[in-house]
Structures are given as C-alpha cells and as structure tokens.
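J.: The following feature annotations were taken from TrEMBL:
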type: REGION; residues: 28-75; note: region 'Disordered'
type: COMPBIAS; residues: 37-57; note: compositional bias 'Basic and acidic residues'
type: DOMAIN; residues: 106-391; note: domain 'Putative ER transporter 6TM N-terminal'
type: TRANSMEM; residues: 115-146; note: transmembrane segment
type: TRANSMEM; residues: 161-184; note: transmembrane segment
type: TRANSMEM; residues: 205-227; note: transmembrane segment
type: TRANSMEM; residues: 239-259; note: transmembrane segment
type: TRANSMEM; residues: 266-285; note: transmembrane segment
type: REGION; residues: 398-470; note: region 'Disordered'
type: COMPBIAS; residues: 402-416; note: compositional bias 'Polar residues'
type: COMPBIAS; residues: 421-430; note: compositional bias 'Pro residues'
type: COMPBIAS; residues: 431-441; note: compositional bias 'Low complexity'
type: TRANSMEM; residues: 759-787; note: transmembrane segment
type: TRANSMEM; residues: 821-841; note: transmembrane segment
type: TRANSMEM; residues: 876-893; note: transmembrane segment
type: TRANSMEM; residues: 914-931; note: transmembrane segment
type: DOMAIN; residues: 937-1153; note: domain 'DUF2421'
Amino acid sequence: MATGVDVQYPEVIDISWRHNLRFDPRLGDEDNDEHADEAPGSDRRHSDFSRHVRIETPARSTPAPSDRTDSRSSRRLAPLRRLAAALVRNFPMDLQWIPANWAWLKFKPVIRSSILGFVSVMFMVIAPVQRVLGQATFLILIAAFVDPPIDSFVAVLEREIIFAAFVTLGWAWSCLGIFLANLARSYKNPSATFAEALTGQYIEAAPTVIMAIFVFFGVAFFLYIKVKRGPGPYAYPSVFGAVCVDISFVTAVLVPFPYYSIGQVIVLPLVLHSAICIFLSATVFPTTITSQYSGALSRLFDPLEAALIEHRAILGLSPSGPEFSAAVTKIYGLVAKSEAGLAPAAGALRLVKHDIIWGRFSPSDVGALQWFARRLVTRAHGLGVFFTLIDPTRERFPVTPVSRTPVDSRTLTPSASHPVTPLPSRPPSPNRIRTLSRSATPPGPSSPPADHEHSRGRMRHRTNWKHTPSASAIRRTISQHLHFRLRKAEEDDQHQRLHFSLLHLAHTLALPHPHTASPENAVGVFESQRYLALEATRLTYPDSPENMEHFVALLGQSCDDLLGVCTDTLKGLKVWVGGIRRGSFAGRATTARIREERLAEMTEMKRKLSLAFEMFKKDFRHCVLDPYRCAFDPEHVGSPDMIVEPPPHRYLFHCYVYQYHLMQFCMVLLEWVDEVIRMEDINKASRLWMPTIPLRKLFDWGNDDAAAHLERDDDEDPDTIPGMDTDFQADLGEATRRNPDALPPQNAFEVIMSWVHQFIVALGGGNVLFAMKAGLLTVILCIPNFLKHTAEFAYSERFIWGIFMGQLTLMRFRGDTTFALVARLMSTFVGGVIGMLLWYISAGRGEGNSYGFAATLGVCFPFFFYMRIYWPVPPVTNLIFFVTIALVLGFSWQNTHFPGIFHFYGFALAWRRFVLVVAGITAAFIFSLLPPSTTLRHYQRAMLSTTVSEMGAIYCSIVSFANTHGRLEPDKREIIQALLAIRMKLKRSVVLKTNIVYEFSLRGKWPAHRYQRILELQMQVAFHLSHLMSVVEHLDPAWSRAFLRRTRFLDADFQGDVLAVVSMISTALRTGNPLPQITPCPLLDRFMVHTHGLNIIRQEEDDDYGLPRTMTIDTLENEQYLTFAVGVTTAFGIILRLDKLMVATKELVGEQYHIHGVGVPDTRAFERPPKDA
C-alpha cells in the first residue's frame, strides 16, 4: 500500500503544535473529506467525504486464456493504432471545417464568388476588354480573392462603394502630387517614350522629394484608416488606396511630364470589380442583412436551450457527486457559446437600419431584438453564479506559492514541548438568548457570520490543553478539521486551535523554506492569512455538505417547472426568429393564415409562461423556506418533528440568487414574447421597407447603433473603451481629471494654445505614430525607384511588390508584425508553388491559350473560394495564399500575351515574387524594432488598467443609482451600456494577445497565466456589476437604503478602502510599479464586520426605514426581501473578487514596503507576567 499527496501540492507543511499532525496546505478547500480513522459508531453522514490522500493498490490477477489471446492480438495491433493516432494527431490541417460547412446555405456565397472569379478571368483573356482595362488587368483577379461578394446586398454595396471611393481618392491624391512635382521639374518632355524614361535619366531631385512627401502622407492616411477602423468595410479599400498611391508615384517619378493616367490603370479594373460584386450580390442568391441578422440571432438559442436543460438535470444531482462539477463546467461552456453568438448578430445589426426589404416586419423592429438577446445571456450567466457560491464548485481564495531557501527548521514548526500560548482574553460573555442572529452564527458568503469582537476574543483565548482530541484526530488534514461534525462540548476549543493552525500556516508561507529554489518571492501573504482566518472562523460550517445537498434538492423542486416552460418558450422564439423572413412574398390569404397561426402560438406560449411564472412567485419558490418554518412560521414553531435551530442564512441567500436570476430570465422572455405579439399584430401585410436613418447619416457606417459600435474591432487604443460615455454628478461635486502641469486657461490666447497642445498630443497617439512610421518605411523602400542608377532595375524587377509587402506587414505591435512575417512567408511560398503548378497545367510548356487558362481556373474556383471563405486559418494566411496564386496566374497570362518590360512567367515569376516578399517583410520586421515601438505586452497591461479604472467609476454610479433611487437617478441605460462596453473590450483583448508569443524576449517568458487570471477576474466583476445594477433597479427606496446600510456601501470609510484598492490596482497595472505589501485588502473582513444573519436591520440600528426588525415567514416570502438578499450576495461577490484581483495584480507586479512582523501571528513562546507586575 502506497500513499501519496495530490501532485498539485507535493509538500505537506507541519503547522500544528505536534510533529505527527499533518495538514493539507490547500487552505480554504472545503471539499468533502472522509475520515480515514473514523470510529465504527461515527456519523454515517461523513462517509461520503473524499480523501485528500489517495491510496493506490495495484491489483494483480491471473488472466484467463482468452484474455491472453486478446492481449497478444492487441499487442500486434498496437503499433498500427499508434501510427494511425500519430497521423491524425500530427496532420498539418484540421479538416473538420469541410463537413461543418457542407450545406446548401453555405454553398451560395461560394457559387457567387466563383462566378465573380470566372467573369474576372473572362475580362483578362478577352483581348479587347484587356486593352481597355490596361496593363494592370490582373488586379481584377486579385481583387476577386481579396474582396469576394459573400455578404448580403447591403453589406456588399457599402463595402464596394467605399472600395471604389478609396482607390479613386488615392488616384486623386497622386494626381495632386504629380501636378506639384511637375511644377518643380526643370526639364519637361511630353514626347519622351517610356523606354527612355525607364533608364532613370529624367529623375530630378526636387520632383522626387515632392513625390516622396506625397507618398508619405498618402500611405500614412490610408494605413491610419486601416488600423483605426480595424477589420471591416474599410480594411481592403485602405490597402488598395495605398497600393494606388505607391504605383502611381513610383511610375510617375520616371517620366518628364505629368503622368496622370497611371492611376487610371489601377482604378479602372478595381472599380469594374466593385460593379460586378454589386451586380452579383443583387442577382445571384441575393440575401438581405435582415435575414442574415435573424439567422445569427436564432443560432444563439441552441446553447441557451441546452443550458436550461442542463440546469434541470444538475438540480437533481448531489453536489458531492462527481457528475455535479462536470455539469457545472458544461453549463459555463454553453453560456459562453451563446454569448459568443452575439458577435455575429451585432456585426449584422450595424447595417440593419440600412436594409431595403419587402416583408411584414421593419428592419428596425427586428434589430431591436438584439437587446432582448443580450439580457437573456446576462441572466443565464446569473444563473451560473449560484454554482460559484456552493461547494464543491465554490471559488476559493488563492494561496500564493512561495519561494524557499534553506533556513533553520525551528522557524517552521514549533516544538511540541513548547506550544504556542496565545494571550488570554477577557472572560466570555454569557450565552445570549437564541435569536435570529444566533441562528445565523455560522454564516455564508452573503453576510458576516460572527460577532467581530467575539471572534477577536477567541483569537486571544488561551488554549485548554486538557481537551486535546485523540491521536487519530490529530492526524486529520485541515479540511477534515473544517468539516468534521464536532461534539458540542469540544466545538469551541477545536475552532480555537484550528484558527491558530491556519494563522501559523500563513506565517509559515511568508518564511523561506528549504529544498526549493525560485527566483520570485511570495506575494499576497498578508491577504492569504487573513482569508485563512475567515475560512476557519466565518466561512465554514460543520453541516455544510448535508445542508447544501438538501437545499439544492429543494431548489430543484421549486424551479423545475419554470425551467421547463422557459425551455419550451426558447424553442418557440427560436422558430419564430429563424423564420422571420419566411412568407414575405406569399399572397394575402397565405400571409393572413401564417400571421394568425403565429399569433395563436405566441399567445398560448405567453399564457403558459405567465401562469408558470405566477405559480413560481406565489408558491413554488417558497419551497426553499421549509427548513426555516420551524423558527418563523407560527404553524410549525415548537413542532417536535422539526429541528429546533434553522440552518444558516447563507443557504437561503444562495437559493435566492438562483431564483432571482431565473425570474429575471423569465421576465425577459415574457417581454420578448410581448414584442413578438406586438409585431405580429401591427404588421398585417408585406410592404417595402426603406432605410430609416436620416440622409446625413446614410454613409455614417458604424456609429449609429450603440450595440453594433461595441462589436467593432478597432480596439488598438488601450486607454479608451468604445461605446462607453458616462458622466454622473455627485453630492461632493463632479469628479474630474486635472492637468498637474498647468492651471485652466484664463484667457482666449491660453484657450487657443490649449487646443493646439491637445492636437499635438493627439498626434502622439498610437495609431497616428504607427501610420507615420508606416509612411516613412514606404518612402525608404521607394528609394531604389527614386534614384537614377537603380530606378531601371527596381522597376523592371518589380520592386513595388516588396514595397507593398513591407508597408502591409508592418503592424502597430511588434508581435503582430512578427506573426505577419511568418504567415506571409509561408503563404507566399505555398501559394507561389500552387500558382506555378496551375499555370503549367493550363499552359504546358508553352504560353497557353485562353480556353485552357479559363477552363483550369473555372474548375478550381469553387474549391478555392470554399477555402477562402471557410478555411479556419488566420486571415492574413488565407488572404496572402490566394493572392499569391492569383498574382502568379494573372501576371503569367499577361506577360505571355501582352508582354511588357516585366516579361517573366511561371517559375521565373514565382521565385522573384518570393524573393521580393522576403525582402519587404524583413524590412518591416527590422523597422518594427525601431522606436516608436509598441508591444502587445504593454497594451495588455494598459488595457487592464483602463478597464479596472472604468469599472470603479461604474461601481460608484451603481451605488449612486441605489442611493438616489426615485430622485436624481443616473441614466441606467448608460450604466448598462458602459458595462457591456467593458466586457466587449476585455473579450477583444483575448484576440489581440494571440500574437504575444511572437514578441520574443531574452529576459524571460511572458506570464500569460497571470494576465489571464486578471482578465477573468475583471470579467467576473463586470458581470457582477451588471447583476448588482439589476438588483438595485428592482429594489424599493426603503429596501435600497437597507441594502446600502448592510453592505456598507454608504460607509465613507469602507468605500474609501474599496476605491483605494481599485485605484492602486489600476495604477500598478499601468506603471508596472509594485504594490504595498500591506493594503486595505482583504476588504471582505470589513464587509463582514457586523452580524446580520437573516435580519434586514441590525437590532442596534436606530433607523429601520419602515422595514420589519423582527423576522417572520411573511418577510422571508416577500419578493423585495429576495431581491435584497440577492443584492447582499452579489455585493459579497464583488468585494471578494476585488480582493482576488489585488492578489492577482501582486503576482504580476510584486510587492514593496515590507514591515517585519506586521499582520502575522507571534509564534514565540513566552510567559505572561502576573497581573500585578
């Protein structure tokens, strides 16, 4: 028999007064444990406790003959299985995306794009058309892969208008630069041939400098738009606008006259491409943005429906069972999946108001359904909060691992002969009369469980060693001490010794230990030891497993029916939303029949949901009160078959959290069904719906809808949060930022200079600096084309490809640039090989013909565009791969049939393309290392600093809303909008940090897990603030005041500590400076300073706000009390996560300002002097 400790905690620390007492160092872990040496007559309720120490006994048995045969066969097949598994595991591509998108609906954009590609090829191979389009006809084929018409008509129309406008703007800018450069030219010869100009003999210094300046500002402008707007309708138009500027000036610098028509060669094929895209999107399987939006919205119902089904199942399980934790994890995943489904819907929502459709429902009404979906997802997350409050899925406070160095072992474990003797306290007070507060003495996380002074007195009380338990009990782990049901006579003494054991362990963590070497010191020891004391004295209860299992069963009984009806309602809404465009072109009779059927279905659905909701509020939700009726219900008080003392209030508050969010979920469903009934009632016939936005906002794409604005990807500024604009007044005056270097302007001149300063500071922003850096890189790469001696070689060898790749590879962050280098290198190589193979397949060894070229590409286009649209690789890899294929094919065709100066094709073209791409991306990589250089690592810290600071402001706004409820209310819509904006900001940062691995550093690895922990905690705080806003919105003024009093949210001292913690975290993240070792954390200790239990108002309070001081069963059944309890629990969750966020930040930035001996127990043995001394 071999025993071993969990591998996650390889070392056991002796924290007792005896050497043979071993504790598991997983502090605060309240998983159920089994007593290894339990007496035969002990309580059977503890037989389900799991062990911390696993005993592994290898089983040995003699196999049967048949088993031997099977074993030999298995051994023979094992190498083949391993080989197959290795092939599947190491296959370079995941092909699951192919069958996942194998549906007719997914084939429609592929067919449309394939037609575009084939038409583009036709324009290339037909000689008259090619002569009209000019020397850059191949651009139409490249544009087909860069900008395929895969979206709805309105989205394609928007993108192609911007596309044509940007390339035309680039041409106009080039014409202006060429005009001014021609004015500075000393020699002008309109009759000079291009062959003569190619030698570089007409290049002059002054015109070249002017053109270089125009290249700088033109490229900087377009790349600023690209990085500012991010992925979307402006991305590819910005790229082609910059390409137009590059080609125009690189060519115009050679000729001794104003060569304005060079831009036409670029613009004409691209504008023709835009026209074809618009035509195809309107004629080949046309789709509306409304149908695209409704389809995306209906798909998020599936995970929500599955989550509700899992909720019904999990409430029937035992929390101590292994299936419970797995079911909780599954629910979290389903809710996260439904939340991820909001992004595609929000992306389509941006253009819904621009849609032109024929149907019964207005695009604006359909777009308004987005807010119902967001609220549903938030409430579904609220249902999951319940599982973070109960064992075994309750969130623990982390115990920071420490570095250890050799020290004297005497500092680690006190000798058994010299036990630690704490100071004696004053005599204990007489036992109180059993009141409501006494019944709630062992508290839950929702409220302070014990009297503060009493707990302090117990800390100082001298240990009575005559009541030391038996040797077998001494060997129990610390978790067994937390959960073992003690006899009443030993309970107080046991808690005293356990409390000191925990404090001593915290002190031990702060000391260096042998056998381990680590370059980092321990952080968060001060917070950890305080939380260990809270776990030992306030957050534990001996009957926790049994009580929790009982309350989960009661909660399941109360919520099962309503969960079932909500699931059916979700199914009905999913069908309605998914079919919102069906029957739009049906006849009047058919339309009327469909409308009546839908109205009947929705009305019946509303009736069932309303009935179930009313039954739940009036009757079913009271099931969780059954254990408390023995103390508060007159019909049950004194009943001999009932227990005398009710359970702690924590269990009731936890159940109320679940019930509250379920009721809110049901209310959102009712509102959604009401909206559907309203839409069905007022829209009786189909009609033509035109855009409903003002004409002046027709081309204001992206800023007209708040929800769509949140989903934008232009998130390169860590100091701002898109979609957030809150400004609230307070009793103490508006809290505003001041300039530490200058007083406010006193006259007109200072005002003007202040504006000038703000403009100059704005030029120093990250996006502007990146654009200027990219413009400078482009000018440097253009130097070979601008010099007389190298211009001919640079132009004839197409150095312009290197210029393109250099300016487009350069990104704002170094990690993105490095990733772009790797991705473009690999994609160019593979794409060049495939393009070269296709060229030789279509042309053989000759120059090919139009039939073979068009037939080859016509066969390949459906497969190419299927990959282009659905291939799940990074966008830059996908794009450059197909652009390289199109460029090799297009240039090869043009150079063989319309030869010019650059006459290479096939292999000769492919390798030159690859070399120039390598040169361009290498230049961009080197240039990215030069200042100003920005890293994703710094962005992550600055972004997390901004979000935590803004959450502090929102926290203050919510408290202000609760305090002024009914009088001077802040705009709750702005608060909700701000919280949503913060969550979207945090989610976008997850995508942005993907390329941090490419920011190599010789100093050490980037602590990704620490940043991830901070991000997760901030996301949890943001969701809890949303729940808190919902709670205070539903509280009456008197209950709201009582809630603020109980949570100390109106206590200036406590709020000062909370806001100081928020400010310290934000400043430490932004600057990277270490935090003080001793901070106001843990805030939870002061949050729980008073004991309330089930009471609304403490007996010592003077003002009760008209609320009952004496608890009755009617008060417990009051819906306002339920909301009040949920608010207290939610406030607890916020404070707890702020404490965790402080420790997580300390793990990242470290600590400073150490004071030896502060906050740790004094373990020195000494004799207290006599009282008279």
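Just so it is clear, glycine is given a Cβ too, placed from its N, Cα and C backbone atoms.
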J.: With pairs 6 or more apart in sequence, are the transmembrane segment (161-184) and the transmembrane segment (239-259) linked by at least 3 Cβ pairs under 8 Å?
T.: yes
J.: Taking the domain 'Putative ER transporter 6TM N-terminal' (106-391) alone, what is its mean pLDDT?
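T.: Taking every residue of the domain 'Putative ER transporter 6TM N-terminal' (106-391) together, the mean pLDDT is 90.
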J.: Other than its close neighbours in sequence, what residues sit by the transmembrane segment (759-787), given a CB gap under 8 Å and a spacing of at least six beyond its ends?
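T.: Counting only partners 6 or more residues beyond its ends, the transmembrane segment (759-787) has Cβ contacts under 8 Å with 200, 203, 208, 211-212, 215-221, 223-224, 227-228, 242, 246, 249-250, 253, 716-717, 793-795, 799-800, 802-803, 806-807, 810-812, 920, 923-924, 927, 932, 934.
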J.: Counting only residues 6 or more past its boundaries, what in the same chain has a CB within less than 8 Å of a CB in the transmembrane segment (876-893)?
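T.: For the transmembrane segment (876-893), the list is 124-125, 137-139, 141-142, 144-146, 819-820, 823-824, 826-828, 830-832, 834-836, 838-839, 843, 848, 853, 857, 864, 867-868, 902, 904-906, 909-910, 913.
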